[in-house]
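Asker: Pulled from TrEMBL, these are the listed features:
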ACT_SITE  HIS39  active site, proton donor
BINDING   32-39, 149-152, VAL178, 186-189  ATP binding site
BINDING   GLN63, GLN155  (R)-pantoate binding site
BINDING   GLN63  beta-alanine binding site
Amino acid sequence: MIRCTSITELRQLLAEQRKQSPDSRIGLVPTMGFLHEGHASLMRRADEECDFNVLSVFVNPLQFGPNEDFERYPRDIERDAAIAEKNGIDILFMPSVQEMYPTKPLTKVLISDVTDRLCGASRPGHFDGVGTVVSKLFNLVQPTKAYFGMKDAQQVAVIEQMVHDLNIPVQIVRCETVREANGLAMSSRNVYLNEEQREQAVVLSQTLRDAQSWLEETGMTTGELTKRIQASIEKAPLAVIDYAEVLIYPSLSIIEPHQQLSQLSGTLIIAFAVKFGSTRLIDNRLFELQGGGVHVQNDDEIEAAQSNSNRGEPQLCGQHHH
Ligand SMILES: Nc1ncnc2c1ncn2[C@@H]1O[C@H](COP(=O)(O)OP(=O)(O)OP(=O)(O)O)[C@@H](O)[C@H]1O
Ligand SMILES: CC(C)(CO)[C@@H](O)C(=O)[O-]
Ligand code: BAL
């Protein structure tokens, strides 16, 4: 594995690889580092599917709000390098902020609609920063495939929309959320949690698990389900809900509160952001509604849905679309 901090060197290395093996499939795994098993699963998937893989580790200031954790975001590049090497990465690209933004960028990639709700609403400007840096990474690496985790389901929807709208020649691969044994979704930010907060944070995955049977209840409406989800999270005394919503995926459009969910078919997402102390955690789950009867998507189905996804059109039948 080669470590590289310069854009010029990255381009040279990739040009050499393409010259040696013109048909090589290039994989890109964009991260902010402080790697864990969730990231490792993305790298392994890239290693399985591609011939030459780039991992980027860059804490992107553009996607952090003024009162967010840019300065204190956990960093450990030596540990990251060891994990990357073990998981089949060929180039570890770890540029400085100066290298990525030598001058203040006057060009930004703004993705609308799909950013209106969830993290897009609670972190204004966040997805402009994500869209901009991911476009830069796509231009630098020109990957065949790029790997993103469904823990950040809205990010996946945003990147897929951007790739579609701008005809970026890359295939986005959705990767399943990796969880701790107790169900907590792995996140670099989990290190901020103290023991009590960590224990209570299991309420998030428990709620997503319980939601399946709530969805199956006859007459359950979007509004009632949302309330049930909120009440379940609030059983943890330290939990402070930022948002908890039930939406259509991947358009992230809303479903009327009085809509009976048993009548719908299509993909629904339950997504929330919850604070434990100053640490904000996100989690979500997709459900496939088949006009009655709920089905939780597994990895293969997430992929199938992705290749069939019909952008610009409502993803669910029998609901009011906004
Ligand atoms: N538990 C996980 N399972 C699968 N993919 C994940 C998981 N956590 C993060 N990823 C994915 O890894 C990529 C890089 O994410 P990032 O570096 O922000 O990690 P993170 O642990 O989610 O950190 P953060 O605390 O900032 O959310 C993203 O595509 C993200 O969705
Ligand atoms: C995709 C990403 C690396 C862009 O900075 C970041 O948003 C992340 O880690 O999910
Ligand atoms: N994983 C999303 C990156 C962020 O929280 O800024």
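Here the Cβ of each residue, glycine as well, is placed from N, Cα and C on the backbone.
Automated prediction, rather than curation, is the source of TrEMBL annotations.
Help me understand the surroundings of these features in the structure.
Answerer: Long-range Cβ contacts of HIS39 (active site, proton donor) within its own chain (separation 6+, distance under 8 Å): VAL29, THR31, ILE83, GLY149.
The C-beta environment of SER188 (ATP binding site), restricted to residues of the same chain at least 6 apart in sequence and closer than 8 Å, consists of MET32, GLY33, PHE34, LEU35, HIS36, TYR73, PRO74.
Secondary structure at GLN63 ((R)-pantoate binding site), as computed by DSSP, is helix.
Sequence-distant contacts of GLN63 ((R)-pantoate binding site), defined by Cβ-Cβ distance under 8 angstroms and a gap of at least six in the same chain, are GLY125, HIS126, PHE127, ASP128, GLY129, VAL130, VAL133.
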Asker: Which of LEU35, MET150, VAL178 (the binding-site residues) has the most other Cβ atoms within 10 Å?
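Answerer: That would be LEU35, with the most Cβ atoms nearby.
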Asker: Where the criterion is a Cβ under 6 Å from an atom of ligand 3, which of the binding-site residues GLY38, GLN63, MET150, SER188 meet it?
Answerer: GLN63
Asker: When you measure from each Cβ to the nearest atom of ligand 1, which of the binding-site residues LEU35, GLY38, GLN63 fall under 6 angstroms?
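Answerer: GLY38, in sequence order.
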Asker: Using the alpha carbons only, what distance in Å do you get between GLY38 (ATP binding site) and GLN155 ((R)-pantoate binding site) once rounded?
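Answerer: That comes out at 15 Å between the alpha carbons.
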Asker: Just to be sure I understand the packing, how many Cβ atoms besides its own are within 10 Å of the Cβ of GLY38 (ATP binding site)?
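Answerer: Other Cβ atoms found within 10 Å: 21.
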Asker: Among the recorded positions LEU35, GLY38, HIS39, MET150, VAL178, SER188, which have a Cβ atom lying under 6 Å from any atom of ligand 2?
Answerer: none
